[in-house]
Amino acid sequence: MSKVFMFDALRAATDEEMEKDLTVCVIGEDVGHYGGSYKVTKDLHSKYGDLRVLDTPIAENSFTGMAIGAAITGLRPIVEGMNMSFLLLAFNQISNNAGMLRYTSGGNFTLPLVIRGPGGVGRQLGAEHSQRLEAYFQAIPGLKIVACSTPYNAKGLLKSAIRDNNPVVFFEHVLLYNLQEEIPEDEYLIPLDKAEVVRKGKDITILTYSRMRHHVTEALPLLLNDGYDPEVLDLISLKPLDIDSISVSVKKTHRVLIVEECMKTAGIGAELIAQINEHLFDELDAPVVRLSSQDIPTPYNGSLEQATVIQPHQIIDAVKNIVNSSKTITT
């Protein structure tokens with residue numbers, strides 16, 4: 001076991017897959033000589049050269065389209081968005097090409113493509129560079145969507161994403177790159193479509209992902225001290241949602257709290273509520289509650305920025321309210 005930062009875990013995953021498979025390549029702005037805006041691709045250029053670690057102009061629609069073409073013709077490109085918000089400029093390519101070509105070609109084309117990069121709130125990067133785009137991409141048919149949350153799952157998930165024959169959008173949070181954790185030195189893979197049970201409990205199911213996993217775990221000691229026993233699931237897969245793992249948990253706890261950094265309107269939480277009500281309504285002792293970011297552009301001011309996203313004290317209050325109110329009703 002060795003203790004590594006998340007950005008190092010992501011780089012190790014990329015390096016290992018490039019070493020094993022000559023078709024794996026990296027494409028994006030400053031991914032080569034500079035080593036990536038968050039150093040996820042540092043030193044890969046010197047090892048693999050210009051043809052496999054390709055610096056591009058600031059033209060997201062162009063190099064994303066190029067990567068899609070490369071995937072169709074047999075390569076396994078990894079597109080790094082310097083910031084995931086920039087990929088809105090390539091939304092047409094991601095939606096109409098990457099997401100649909102396997103279907104519209106009658107299965108004649110596969111698209112082994114990973115689109116990865118940083119996003120999220122917390123570094124005072126302003127409204128345009130602090131967007132939460134998970135739900136934007138969730139609506140596109142044909143995409144798989146993953147959000148890593150620890151160095152361990154970041155490495156295992158990225159290796160699985162690179163090997164997958166379908167396009168995978170891989171979300172990384174800007175505030176988690178310097179998170180450290182011991183990870184195995186031996187190779188391991190993590191399935192792209194499975195949630196992780198972070199903590200087992202019996203009172204309430206907390207569904208979360210990415211940075212909010214850590215806000216939830218920060219709230220746990222106070223909840224446990226006050227006699228509450230929550231079960232915590234890190235969704236990891238945002239498309240498809242792992243409704244089987246969610247079902248197992250909800251059938252045990254009968255209460256659900258969703259904690260997300262996504263916007264409240266039409267966010268990941270909204271889709272979760274829809275699926276839980278569709279599949280598990282009779283199992284619920286209380287309405288599903290979601291804690292989401294406010295539907296406003298992210299402020300540049302640090303205090304205002306922090307106020308737009310869910311904090312641990314809000315999670316504590318929500319758990320207590322849901323559990324206490326539903327116990328009163330059921331008794």
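From the backbone N, Cα and C atoms, a Cβ is placed for every residue, glycine too.
Annotated K(+)-binding residues in Swiss-Prot are A161, I162, D164, N166, and among L113, L125, L207 the one listed with them is L113. For the recorded K(+) site, residues L113, A161, I162, D164, N166 set the reference point as the centre of their Cβ atoms, and the other residues of that chain within 8 Å of it by Cβ are R76, P112, V114, K144, S160, R163, N165, P167, V168. The number of other Cβ atoms within 10 Å of the Cβ belonging to A161 (K(+) binding site), over all protein chains shown, comes to 28. Here the Cβ of D164 (K(+) binding site) has 18 other Cβ atoms within 10 Å, regardless of which shown protein chain they belong to. Classification of A161 (K(+) binding site) by DSSP places it within a helix.
For the pair formed by N166 (K(+) binding site) and E60 (thiamine diphosphate binding site), distance between Cα atoms is given as 20 Å, rounded to the nearest Å.
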